[in-house]
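One structure is given here, and the rest of the page talks about it.
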């Protein structure tokens, strides 16, 4: 929330009674208008805010993911590298990405995501373009380190930005759109690579170098647009690109603020230029109720990550051409998008989250067992089909990220928890990038055994996390339900800033 929104929250939103639905202060017509125009207002936000957030994620994935297309153009051979060197570079990238997560989130909370995100984007676009001039393994390592440093924190920064605009039940499907753009980038990137990799100098060199240069330029342009397009909050939309009158009039701004604060009053606890203090940071890190989600983040994405990272190398080793390889990745990404949207909808429709995580891991387990048991000499098309299904497995990342935001219970915890969860995800990427080894290719038998074991562990963690939150809710309810109305009012007045530790707070799972 903007500073004026936080200061004026009491004048806009009536004191919250957690036993009944809060009402708008002021005329009943305002409440009626909010109900009648809610759909059109949300659509307006979707078009102006969510769509552009997806464009910025497109830019992120374009520059961190085009290494996969570059591999199909013999980049490793050109730089005198092998698969293990590639793994090392990716490990360096994810390490710097991981360690930049929390500092970036804290900077974003101080400056505002609308200021910090464009700075991040322009910085990494320069580094991404500089990869066109790589000459050695050392240069590759340096570029991957700098790229991770500037890209780290972008995802939780953007999630924090989106949380200013959407109610908790609206956020998961918007985050699914966010990750649709992630794999949509892979599809668009495959076609862009098809064109850029055809660009050659007279001596036959070029290809992947032009890929890095032009895609870095694309991101730089998006970063410049972002600097002028992203507004600080629903009440601060006036700007050169956004119009001198902004996107909403004063009446509509009240509706935008009310709909978010009524859904989650904790969002009015800090404004969007207010830094998280060291004490707040430590308090958020020590929130043990968030730890099960962090632990899941460390493991659940590992089972199909190697398939995603190595599909072009595997297809090349199975004697598909460079251009066949890039085009054959597209069906997997289309399946990914379909599964992402479908299972996110199922999550909100049936109020299930960890159960769908189990579905995702069982899907991966079956396919990994198939990869491990197929005999050597199996048709390349069969291996491609299994890997495509593995990449397209149900992707519950948007569901878990939204659950992290909702279970945080306060702005300070939400800010830190989003970063910590994403740090765990980046740590899982470091692990997954070192499972398939040079000496194990092309079938990666040893690596697949490790993935099967980790998938089984992930299934167990999803079960345990679900029943932990069920137990915590029962524990809270046992104390809350025996209180009288007067006792509840006194308790709420004395414990407004306790976030998810309040007895009336219920975790979702």
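In case you wondered, yes, glycine gets a Cβ from its N, Cα and C as well.
Just so you know, TrEMBL annotations never went through curation; they're auto-generated.
Keep in mind the model is a prediction, meaning the values are calculated, not measured.
Taken from TrEMBL, the feature domain 'Major facilitator superfamily (MFS) profile' covers 49-474.
Taken from TrEMBL, the feature transmembrane segment applies to 146-165 (among others).
Residues or ranges marked as transmembrane segment in TrEMBL: 177-199 (among others).
Taken from TrEMBL, the feature transmembrane segment applies to 211-230 (among others). When Cβ-Cβ distances below 8 Å are used as the criterion, the transmembrane segment (211-230) is approached by residues 52, 55-56, 58-59, 62-63, 66, 69-70, 73, 113-114, 117-118, 121-122, 124-132, 161, 189, 192-193, 196-197, 239-242 of the same chain, each at least six residues removed from its ends.
For the transmembrane segment (323-342), the residues of the chain that approach it from at least six positions outside its boundaries are 68-69, 72, 176, 179-180, 183-184, 186-187, 190, 193-194, 197, 311-312, 315-316, 384, 387-389, 391-395, 398, judged by C-beta separation under 8 angstroms. The transmembrane segment annotation in TrEMBL covers 323-342 (among others).
According to TrEMBL, the feature transmembrane segment maps to 354-375 (among others).
Residues or ranges marked as transmembrane segment in TrEMBL: 381-403 (among others).
Residues annotated as transmembrane segment in TrEMBL: 451-469 (among others).
Same-chain neighbours of the transmembrane segment (146-165): 1, 45, 49-50, 53, 56-57, 60, 63-64, 92-105, 107-109, 113-114, 116-117, 120-121, 123-124, 127-128, 131, 171, 174-175, 178, 230, 233-234, 256, 260, 267, 272, 401, 405, 414-415, 418-419, 421-422, 426, counting only residues six or more beyond its ends whose CB sits under 8 Å from a CB of the stretch. In the predicted model, residues of the domain 'Major facilitator superfamily (MFS) profile' (49-474) average a pLDDT of 86.
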